[in-house]
Amino acid sequence: MKIRCGTDILRVSRIKNIKNLDKFMKKVFTEREISYIESKNRSFETITGMFCMKEAVSKALKTGIGKMSFMDVESIHDDGLVVKLNTDKFPKVLDIDASISHDGEYAVAMCVLMLED
């Protein structure tokens, strides 16, 4: 078994400065994620943290965004953060966990993957 981690950090202002936020959200987030963002009053901190989480997963997979689509990974916020990954596309991933944090103008996310050898 292999363990990999990925991390990402982003200034909230980078998301605030996006010209067409709705278009960006539809490109990056699933319907369920958009519903969660709406429940948080479209908080820029929430959007930034969730975006960082997707980037952190792509780094842990060593694919970057491109081979991994934004829609291949979903953050579900029911009882804490649960991350779902498209296992058809990434069958070697046995388990995934992530954490998102915010502090002032920054959001950061970290992801840990367990993979088959």
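For all residues, glycine too, the Cβ spot is worked out from N, Cα and C.
Keep in mind it's a predicted model, so treat the numbers as computed, not measured.
These features come from Swiss-Prot:
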- D8, E55: Mg(2+) binding site (BINDING)
Count of other CB atoms lying within 10 Å of the CB belonging to E55 (Mg(2+) binding site): 21
Run through the Cβ atoms and count how many others sit within 10 Å of the one on D8 (Mg(2+) binding site). 21
